[in-house]
Every structure is written in structure tokens, then in C-alpha cells.
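S.K.: Please read through the structure below; I'll follow up with questions.
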Amino acid sequence: VDRRAAQRIYVEIRFTVRDCASIPSVLGSCKETFNLYYLETDRTVSESIKGVEYWANAPFLKVDTIAADESFSQVDFGGRLMKVNTEVRSFGPLSKGRGFHLAFQDLGACMSLLAVRVFYKKCPSIVQNFAFFPETLTGAESTSLVIARGSCIPNAEEVDVPIKLYCNGDGEWMVPIGSCSCKAGFEPDNGNVCRACPQGTFKSSQGAGLCQQCPLNSRSTIEAATLCGCRNGYYRGDMDKPEDMCTSVPSAPRNVVSVVNQTSVLLEWNPPRDTGHREDLTYNIVCRRCHSSERRACQPCDDSVTFTPGKEVLKGTRVEISKLRAHMSYTFDIQTVNGVSNKSPYPAQQLSINITTNQAAPSVVPILHQVSSTSRSFSLSWPPPEQPNGIILDYEIRYYDKSQPSGLNSSVVQTDSPNVVLEGLRPGTGYMVQVRARTVAGYGAYSKEMLFQTLTDDEYKSELGQQLSLIAGSLVGGVCIVSLVAIAIICTRRRQLKESVFGDKLQQYNTGEVTLRPDMFSGPTPTVTFPTLSEGRSSPGVKIYIDPFTYEDPNEAVREFAKEIDPSCVKIEEVIGSGEFGEVYKGRLKPVGKKEIPVAIKTLKVGYSERQRRDFLAEASIMGQFDQPNIIRLEGVVTKSRPTMIITEFMENGALDSFLRLNDGQFPVIQLVGMLRGIASGIRYLAEMSYVHRDLAARNILVNSNLVC
């Protein structure tokens, strides 16, 4: 019997058996049972039968001994009442051959085989959960579960993987795992078919849902649509769902009202009549400054203009705009925007309004300078505000002892000019100072606080003594100079009387050469030629100093030798002194991408002349040419904003003369010699560059934290 890949075979037997008690004289050998055997083989019965020996010796396996549930007697036999038994047996697993042989063994029973049915069990093919499962044979044992892999039906997609069913020993499907569902554009029909959505409907996602009618202002013209396209003039936002209706852009706002207050304006308006059937309506404000009534004469507002609560994505219908320029015309465009405005090819609808600002208070004073200082007072000056917004009437100065918490007991003074002398101060005390300007529109905001220090009594006496010494020295020097001039005049007149004796001049000047007269030497006649600086020859590898005053434009020299620094990278902290051109501050420099460093900041005082500015820039041009550890390093300059600044490295211990006086006797000789070597190295460097330092003194030598001069 061909097993057809079945692993377990079932045999149904219909038979009759006579009761042994109804048969006389056979009680000892009569049986009411028989045996069932099977043998796996690749041969048919006709090929296998070669004699009784085959059946006797073949390795048949016994399935079972089968007994009748009912038997018949002689009386039943006479009356043709046959009692038929039906028994079912199974055997397996089968795996060795294409089929098997069945054998029935009768050992003395009076029986009849009426019918034998041989079969195997299987699970039929099925469509379940939109997945197809093929016909599957049962397992080798009656309790076995055989896994069947499924595949989604057409137009369906897997939901959970893997998709499988289990076929049990009775040929029944059980324990479904995973499933499929109709993909987008298709809906389920009768539980086992996925049908395409007809025109005018859509299904946006995979699942058991049905096709839906297209939402308002949209349509679909094909079958199996996953999304309905919007009609002309309507759009679907980035965050909108496929089930949402298509919407349009809003109309312009209505009834804008403006209230101008000096250099501020308050705008209020009503929402648009048509919101586009959306709830995500917002507003944008576009600001333009205009110099005439023509729109093309307008330009975008400065970045300094502020909008409260903002200028874009406003949810309310009110905005306050401040920091506008005084007496200036402005145009404000109020745009309405919703979630589909970026989908439209046309600009947003807007309502424009023109306003003109009034007189305004002045802007903030940018910086304060210390002109001079005593133990009881100091003198300050400052530049006018960058935006005075009218005529400055006066200034108000507020100051207080920095040791007082939060400016307690501050004092206020007024002045008509951009300078003031604050008197009645305590010696050696730091004061925080602010200033603000006033016009007919009122006071502007106070400047940021700056720290200024009065001298101690000892410092003031020392400085006063130095000034007296300087005056006395100047008088003595003046007398000496007058005397020298008188002597020079007398000598010149005497020399002119003798000049005819020599005849020609002692020196003849040729281009680039100085030739000495032969008659100045005894012996052979030498000619000694010295190259002049104009020839450009110098020692190899030594850079020659270039005088910045040879440039017609001092700015050109600054651009060549110094680096321009963004003023936003500079932070001024406190006044540490005053120089020829203005105050000197301690501050911080934070270059882009580099760490913050301490610096000294020289500023150009207010009211400078063009000559002072040229000399100030020349100082930067000179310092920018030097690159040596014992020469002050120039970090850069600020020339494109006020105040003009020269920024150098910061020397923590200040001038050498005062430093040595404060630390008299504290350093060993070897340390002082090292400082002298540094000074000598710097002077040698300047000499090699052909630069003449005209005021070499201890007061002009600075010392850093490492005691390097």
C-alpha cells in the first residue's frame, strides 16, 4: 500500500467472529481474536510473495491483537443474524519505504473479514485571517502538532510574523499565530478576499477597516486609492491626516489700529473673515523703514527693533514694537498664516499700515572715561549717545560706593556737558558710576555700571611729588636748552670764519652712499662706503621697522600691521590708569573659538583731534610690527566703533619702578639679573629692527605674573 508521505496509517476493520461456546469439540483450540501486522517495504505484494517462508520470516511488526466486541452463536447463524464488529487501529511512524504490507493472523478463530479500509489523516487547505495555508499531513504520533506556514492572500500584507497554523493528529487546524490584513487601498470582503476601493473612496492604511468616502474638497479618480487629492485652491497640511478635509489659506486680517508712543508702536487687529477652515491661524509681522512714500524706497528694519511677544508665529492679535528711530516713517505688514500657507504658490495675505514715530528719549551712553583722579575726587568724560534723538539738554550721573549693597545711598549730579568732576569722595575707594542723557522727550536709560577708583592719600602725595619734580625738571631742562642754543650759536659763528680754510665740504653725499674725503687719512687713500637705510639692505633674517607716519592714511598702516577685533569679543572691567590719549582699562578678550584671556585696553578720549587720532593709531601700527617675548604683544584694535581701542596683553604687576619699590629687598640678585636680561633682549630686538625707543625708563617697562619684563 502506497503511504503517500503519510507517517501514521489508520486501518479500519469490519469483521465477524463466532462464539467458541457455540462450536462443539473445539474448546481447547478455538480463539475469538486475531492479530494485525505491518511491514514497511518498497515492493508490491506480488513482488514479495515467494512462498510461505516470506510471510513466516519477514520482519513484520505487530500492531495489535484484535478482539470482537460481539460474537454470534449457532442460533444466530441459523437465523442469519450476523453481528459485525468495527475496529480502528493505527501504526507509525513510517519512514523507510514508499509503502507497507498488512498481514492478518488467525490462530483458530472462526471469523470473517468483511472490509478493510486503510487511510491517513490530513488538515485541508484553508484561508484564515487573510492568509492561505496549504494541505498538511498529520504527524507521526497522534499527539503530534505539525507547523504549516501561511502566505497572505492577494492585496494583503502581513501584520504579525511568522504566519502559521498547527495541524494536530486528528487532522484539525489549531493555535493560529500571526495574521494578514488588507493593505492600503483595499478592503476585506467575506473575510477571505481583499477588494480594491472604488472611485470616490480611499483607504489610507493597512488593516481591517473599510474604504471611506473622500473628505470635503478632495476626490479620487482611480481604484485602490490610498489618498484623495485636494481640489484646486485647497491643500493638506504636513500634520493633517488623510481623513481630514482639504483646507485653504486664510484671508488678510481686518481693522488694524496703531497707537504710537514716541519710538514705540502698539498694533492691534481683528482676525480674518476666512480662516481657511483651520484652527492653526498665526500672524507674522514684517517691518520696513521708509524714507519716502514710495514702497521701493523702504528697507528692512534694524535688528535692534524688538517685537513683543514676537514677530513670527503670533497667536494673538496684538504686538508692541519698540526701539524704533525717532521721526521716521515705518510700514508694517501683518500677514495671516495657517498650516497650508507654505503649500500655496502665492504669498500670504496681509494688511499694511504706515506710521511715523515721534520725538524719543536718547539712547544709552556707550562708555565712561576717567580723565584724572585724586584722593577725594576724579574727573570723568563720555561720548554722546549714538542715537541722541534730538538735542541733548543735560546729563545725569549716578554713583555710589561699591561696598554698599545694591547701590544703597547713591548720589546724583547733573551737568550740561559730557564731563563731570565728582568731589567729596573717600580716599582709596571704588565707586560704581552710571550716566544718562536727557532730551525734551525725557531721560534715556542709564549706561552700564563702571568702576572708578580714587587714590589713597599716599598715592596722591607720591603723584603730586612726581608732578612737582617733573615741573622743576622741566624748568631746569628749559634753562639748559636755552644755554646750549646760545653756545651753539656762538660756536657756529666762529666756525663760519674758519670755513674758507677747508674749502670743500668734508662729506659728499651720493645716492645711497657716504664717501669720506681722502685728505682725512694718512697713508694709502681708502674709500669707505656705508649702505644707507634707503637701500633696503639689512642683516639677513632681520625685519626692518617701518615708520607708520610714512603712510598718507593712518588707517592703511593699521590694516597692514594690526588685527581688527570685533567689539563684542571685548569686555571692559575696570579702570587701571590713564594715558596720553585716554583711560587704560583692564578687561577680557574672548576671540571666536579660543579661550578668554585678560587684556589691557587703551581708549581714545572723547573730543580727540585728528592729530591725536593719527598718533593713537600710529602707536598700534608700531606695536603690531614687533614679535618678541620681551616686547608688549598687540592683540588687536577696535577702529570701526566707538570708542577706538588698542588691546594688548595684560601685565599683572604693572610698571617696573613701582613694582620694585613695593617689593624692595624681596628678590635675590639672580632674579633681578634675569629681569635685566629680558629688558636687554627687548632693547636689542628693537635696535636690530632699527627702531629708536626715545623714552626708555623703568616706568615704561611692565612686569607680568611670571616676573618677565
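Even glycines carry a Cβ here, placed using N, Cα and C.
Predicted, not measured: the structure shown is a model, and the values here were computed from it.
Look at TrEMBL and you will find 1-128 tagged as domain 'Eph LBD'. Here TrEMBL flags 249-360, 361-457 as domain 'Fibronectin type-III'. Marked as transmembrane segment by TrEMBL: 468-490. Annotation source TrEMBL lists domain 'Protein kinase' at 570-709. Annotation source TrEMBL lists ATP binding site at Lys602.
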S.K.: Which chain-mates of Lys602 (ATP binding site) that are at least 6 residues away have a CB under 8 A from its CB, listed by sequence?
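M.R.: Within the chain, Lys602 (ATP binding site) has Cβ neighbours under 8 Å at Gly579, Phe581, Gly582, Val584, Phe616, Glu619, Met645, Ile646, Ile647, Thr648.
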S.K.: Using DSSP, tally how many residues of the domain 'Fibronectin type-III' (249-360) sit in helix, strand and coil.
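M.R.: Split by secondary structure, the domain 'Fibronectin type-III' (249-360) comes out as 6 helix, 52 strand, 54 coil.
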S.K.: Which of the three DSSP-derived classes (helix, strand, coil) applies to Lys602 (ATP binding site)?
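M.R.: Note: Lys602 (ATP binding site) is in a strand by DSSP.
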